[in-house]
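Features reported for this protein in Swiss-Prot:
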- 20, 91, 119, 166, 343, 386: phosphoenolpyruvate binding site (BINDING)
- 20, 21, 25, 164, 165, 166, 192, 312, 339: 3-phosphoshikimate binding site (BINDING)
- 312: active site, proton acceptor (ACT_SITE)
């Protein structure tokens, strides 16, 4: 699906979508338990993949209405699925479900689309093997299809922290229902650490204890997933909020602003986007009690940013840098190359196609703002929702019309993205 966006000015109120990261974890936590109601979940292609996995393990998922799902879980004992589990394009589903599947007595096979089958899972599979489960890649390259199972009981394991924090999340969530629990030693610096903070925060809401140790984490075994009052409320998604904030900062009307609802504080590292835009000269006001962000247009100046703990913000920051004056230098971004696509290369290529001056290095992306004016053209979404949404924001400030391919991929995390842009006044034409 192509979407065409013309240079536009925006203003008005819009509600942030629920957090994808919290929704994935809440669904799986409810599956590990007896039952739970999830309030304000994100219903998207990725989170529906996690719901189907819960059902494959013997749980049930009922959509009560658009704001509630009720999950009956499998009480820490997933059954062996009767068929493969198709995780589609969701790396989070694959990794979290791989550790869950390793608790089953039999074997589970996980696969997904072409993009997912290129993503690395080797360290998690090796950890499962160390814990006396079965974890292997059918191609023996650490990539899906994956085979997991043999009911691992817990123990001690060492794992790198600089490839994906989802490995740690997967082991913590599964470890709570093992016999022995799991002690995790980090072999490297933990990148994307706020995502593990999200996990620890959510597990606490489900009455599951995690201990931070000198060299990693420990989760005692034999625990039960029991949320307070049987419910869990999903907060707004700051990864998605970043695009709405950027839209206001670069394209709000002279007498207006973009106001974003549902932006309550949480453990999300991507809430750093507020401070980043402020550092670039943006005037972002955050009413934390009301959960509202207000951002008018501003003249932005390039800054230097380390995205080691907020990889999903790289496309947004790169777009802001292309519109700002001066250089925006994005450091510590090698791990951002291992997402749905190589996001470092994709943003360098597509912003370059729009006329931006960009320098790409292995662990760094520099956007030389102010050297050229962005111009509308045909750009590729690279099958990646975050690339698509970031390019859409660039299109708001570009001369002429920009057409973005693969635009249907916003369904992964922000299904109503283009409707939200239109509601704010952007010129959006969807070609289905």
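Cβ coordinates are placed from backbone N, Cα and C, and glycine is handled just like the others.
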Euclidean distance between Cα atoms of residue 166 (phosphoenolpyruvate binding site) and residue 25 (3-phosphoshikimate binding site), Å: 11
In three-state DSSP terms, the structure that residue 20 (phosphoenolpyruvate binding site) belongs to: helix
Listed binding-site residues (25, 343, 386), ranked by Cβ neighbours within 10 Å, top entry: 386
Spatial neighbours of residue 119 (phosphoenolpyruvate binding site), counting only the recorded positions 165, 192, 312, 339 and Cα distances within 10 Å: 339
Same-chain residues at least 6 apart in sequence whose Cβ lies under 8 Å from residue 192 (3-phosphoshikimate binding site): 164, 165, 269, 308, 309, 310, 311, 335
10 Å Cα neighbourhood of residue 312 (active site, proton acceptor): matching binding-site residues from 20, 91, 166: none
For residue 20 (phosphoenolpyruvate binding site), nearby residues of its own chain (Cβ under 8 Å, 6 or more apart in sequence): 42, 44, 46, 47, 92, 237, 239, 240, 412, 413
